[in-house]
Structure formats: structure tokens, C-alpha cells
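Just below is one structure, and these are the notes that go with it.
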């Protein structure tokens, strides 16, 4: 039986309404976030002890942060530690709650009279609120946040940092929204916080994402809400009311682990005309691995052994696993068009173009007879990405990696631009 980890816990760094943060003496740059058995509403104007809430909240946060980390979102989460706590990189918190909304409800309707409940935002609407309990967390504009000239862990919060947090908020919401859909749950809105990692000086998703952080409606039906709004809506807090709230929280905790899996299988099969193309194919396989997609390599020639090519095709069609075929053949590419003409599965041609005859060879992948729907992508990484986009339509884990990759590319460009501008000053 595994021995429970013994932590050398230091001083309390912070205490909030529902959690405490402690330093870890043996792990500089790491902290312990300990959840409480407490539920609050209205900036703690209403608060109650709720036995078991700490474990529920910790489970939800740990699963959600794991999901986001595996997708590629930078997150202040190291690992779950016991039932009610987790270890995370130490951050200096930015005192802004970022809210992302798909459906208009709650406080948005009060602040925007005339908007009807249920109005849908395309894209999701991002708002920010300054954390100030005494003033009920007032809504802030982008300009107010920049004018505040906050500095955390040596990082000044300017236009670049605000843009990064805004884009990250939308991406995180969309990943979680997509992840809840297979459970027939609508993510209505969500609030998150960011911090600056004291070690890396990077902005990361921090704090927690638990059942206090969102509105979650099974079947898109508000009357079935399973989030903290069920506690806010209690006219009077009674033991029976708290038990109902706890059951709602347990309902979410029971399902959140399912977000880490997908019921939709996927597979890429790379067909190469010759082992001389193996290096090209290995790049495709590696890129597929980055999206969590299993990839198999096979050798077959549609010119020299069409019967074997079609036998291999039938082998993969016969096991019921959704498959994208990638054909890798230089010179005269018969492999991609022959496969495409004989299967209803998607086929991508990814010819290894060479400098000498490449300009001529590529036409065998581009000029095709009618009835052939074979796409052509020259980049090995690009062909894997296109396969991922096909699978991402029905696999939220693949889609999450694609969405996080898009965000991270945008952030890297934004940071590169900031660095260049600073060099020019």
C-alpha cells in the first residue's frame, strides 16, 4: 500500500473564503492550496459550513486543471495532494476576476437592462471585475486595468498582459464548454483568475476552478442547474436546502472525471510507398502524438501492389475505429488518389517533395479525376493537424489540444512583438 506523502508545511500565506494557501518548506516555489468545508454567496454575506465541500471542490479543480494542462494551457497546478488539497507553483495573484459568458443570465442582465435571459454571445463575452469585497467587485474596463500599472513578481501588467489574459479566458472557456457537451451539460458562464508564477515570471491560470466558478445547466435547462447558483437561490438556508446543494455538487464531482476521457476513438494510418520515406512519416507520427492521436505506419505501393493496398485499407475499415489515411508517396503519387477512390474515409496526400523534381511530382497529388476527394498537404506536421481537426469535431480532447495550440501560438507572437518593441526603445 502506498505511503501518504508527508509535507513540510510552513506559514499560511493567504486565507480566503473557501481556501487557505501554505508555503512548502521543502519545495521552494511551490505552495499547498487547502480547500475548506465552507460555501459562500454575495461576498460572504451568506456563508455556511458544508461538510464534504472541500473534497468535492478539490476533486473538481484537480480534474479541470489536469484537463487544461494536458491540452497545453499554462496552469498553476502540480498534483492533487490528499482529498482536500493540491500542490501548485507559487504565484502572485492578479486581483481580477475574468468572466466569460456564452449565455446572458445573472448579474449581466441587471447591468444591461433590455437584454433578455438566454441571449447567446458569439464569440463568448469576456468581462473583468476588480476583486474588492468592500465595493462588491466592481466591473473594470481594459483601460482601468492598464492604468493601474500593477506589478506582480516583477511583471508589469500592460496591454500585452491584458490581451493575453483576455484571449486565454476565452480559450479556457471554449475548451471547458466543449468538454462538458458530451455529458449533455451546457457551460453557461465561468469566472477564473490568473497569477504570475514567481519562478518563471509567466502569467498562468491560477486559484481554482470548481463548482463555485461556473453555471452548469444539464440539457441546457436552467431549472436543472447543478452549480452554486442553487445555493444563491435559496430563500432561506435550511439543512434540507444545504443537502440539496451538496447533492448538486456531488453530481458535478461524479461527472468531472469523465471530462478526462473521450468516448470517440481516433486513429491515423500513414501509408508510405517506400521505406525511403520513413523519416517523413515519422514526423507525421510524432505530430499526431502531440494531439494524442494513435498513429500506425504501413508500407504499400498502389502502383506495384494495388491488391495489397486495398487489403490494408479494408483491414482498417473493418474494425470500426474512425480513421484518417495519410498517403506518403513521391514521384507519381498513385497512393493517395487510389485510396481516396476506394474508401469513404478521409485521405490526405502528404508527398515528400524534393528539390529536383518536386515542382513536377506535386501535380500527381493535385490534378485528380472527378470523384476523388483527396486533400494534399505538403507539411508532415500540417497533415497531422488536419487529421486532428477532423477528429476534433467529435473528440473534445483532441479539440482542446488544437484550441490550446492556437492560443499558445497567438501568445508567442504577442510576446515576440513586445520584446521587439522594447528593444527599439
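Numbering starts at 1 and runs along the chain as displayed.
For all residues, glycine too, the Cβ spot is worked out from N, Cα and C.
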From the set 27, 379, Swiss-Prot tags as phosphoserine just 27
Counting only residues 6 or more past its boundaries, what in the same chain has a CB within less than 8 Å of a CB in the region 'Linker' (261-266)? 182, 293-294, 321-324, 391, 394-398
Which one is it, among the modified residues 22, 36, 107, 238, 274, that lies nearest to residue 247 (N6-acetyllysine) by Cα separation? 238
Using DSSP with the three-state reduction, classify residue 22 (phosphotyrosine) as helix, strand or coil. strand
Judged by other C-beta atoms within 10 Å of its C-beta, the most isolated of the modified residues 238, 274 is 238
Can you tell which of the modified residues 36, 107, 238, 274 lies nearest to residue 27 (phosphoserine) in space, using Cα positions? 36
Select the closest residue to residue 238 (phosphothreonine) from the following modified residues, measuring between CA atoms: 22, 36, 107, 274. 36
